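To start, the structure itself, in structure tokens.
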Amino acid sequence: MKIRIGHGFDVHKFGGEPPLILGGVTVPYEVGLIAHSDGDVVLHAISDAILGAMALGDIGKHFPDTDAEFKGADSRVLLKHCYQLALNMGFSMSNLDVTVIAQAPKMAPHIEAIRSVIAADLQSDIDDINVKATTTEKLGFTGRKEGIAVEAVVLMTKI
């Protein structure tokens with residue numbers, strides 16, 4: 001059995017207009033994230049992990065922030081595109097682990113909804129998707145509530 005592991009990482013700064021979209025879910029918060037697309041830092045990290053596992057570069061290569069076509073783009077559409085590339089190469093996702101690093105907003109009330117959206121978009125069982133959150137104990141830019149960072153690790157298996 002052939003397997004591939006991908007790691008994704010993304011950061012966005014607070015300061016944009018609401019809504020704040022994380023993992024395809026609108027999370028109530030006073031500001032959004034500054035981004036060329038919809039700023040969904042969770043789905044961006046997952047997309048990067050999938051592309052990395054497939055040795056296809058990163059989301060900046062596929063959806064450059066200099067291209068007006070992707071201005072305000074729905075990150076769910078971008079994620080589905082990245083996953084379709086993997087499917088076209090004969091791979092599907094076995095499991096996904098995501099860590100949201102943010103002092104605010106509190107993520108716990110939104111985790112299950114985020115897992116459901118990701119599972120639907122990746123045509124996967126929700127039990128194969130883990131999303132968790134942590135803080136940096138008020139240290140660094142996330143601790144000062146200046147932005148959100150996300151790491152994602154994906155295991156892809158040859159179909």
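From the backbone N, Cα and C atoms, a Cβ is placed for every residue, glycine too.
Annotated in Swiss-Prot:
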type    : residues                                                 : note
BINDING : D10, H12, H44                                            : divalent metal cation binding site
BINDING : 10-12, 36-37, 58-60, 63-67, 102-108, 134-137, F141, R144 : 4-CDP-2-C-methyl-D-erythritol 2-phosphate binding site
SITE    : H36                                                      : site 'Transition state stabilizer'
SITE    : T135                                                     : site 'Transition state stabilizer'
Quiz item: What is the interatomic distance between the Cα atoms of H12 (divalent metal cation binding site) and H36 (site 'Transition state stabilizer'), given in whole Å?
Solution: 10
Exercise. Write down the Cα-Cα distance for H44 (divalent metal cation binding site) and T134 (4-CDP-2-C-methyl-D-erythritol 2-phosphate binding site), rounded and given in Å.
Key: 18
Self-check item: Nonlocal neighbours by CB distance (under 8 Å) for F141 (4-CDP-2-C-methyl-D-erythritol 2-phosphate binding site), same chain, sequence gap 6 or more
Solution: K13, G147
Exercise. Indicate whether H44 (divalent metal cation binding site) is helix, strand or coil by DSSP.
Key: helix
Quiz item: Out of these recorded positions, H12, H36, H44, which one has the fewest other C-beta atoms within 10 Å of its own C-beta?
Solution: H36
Quiz item: Are there any residues in the same chain, six or more apart in sequence, whose C-beta is under 8 angstroms from the C-beta of P105 (4-CDP-2-C-methyl-D-erythritol 2-phosphate binding site), and if so which?
Solution: L20, V27, P28, Y29
Quiz item: When you average the Cβ positions of D10, H12, H44 for the divalent metal cation site, which other residues in that chain have a Cβ within 8 Å of that mean position?
Solution: V11, L33, A35, G39, D40, V41, V42, A45, I148, V150
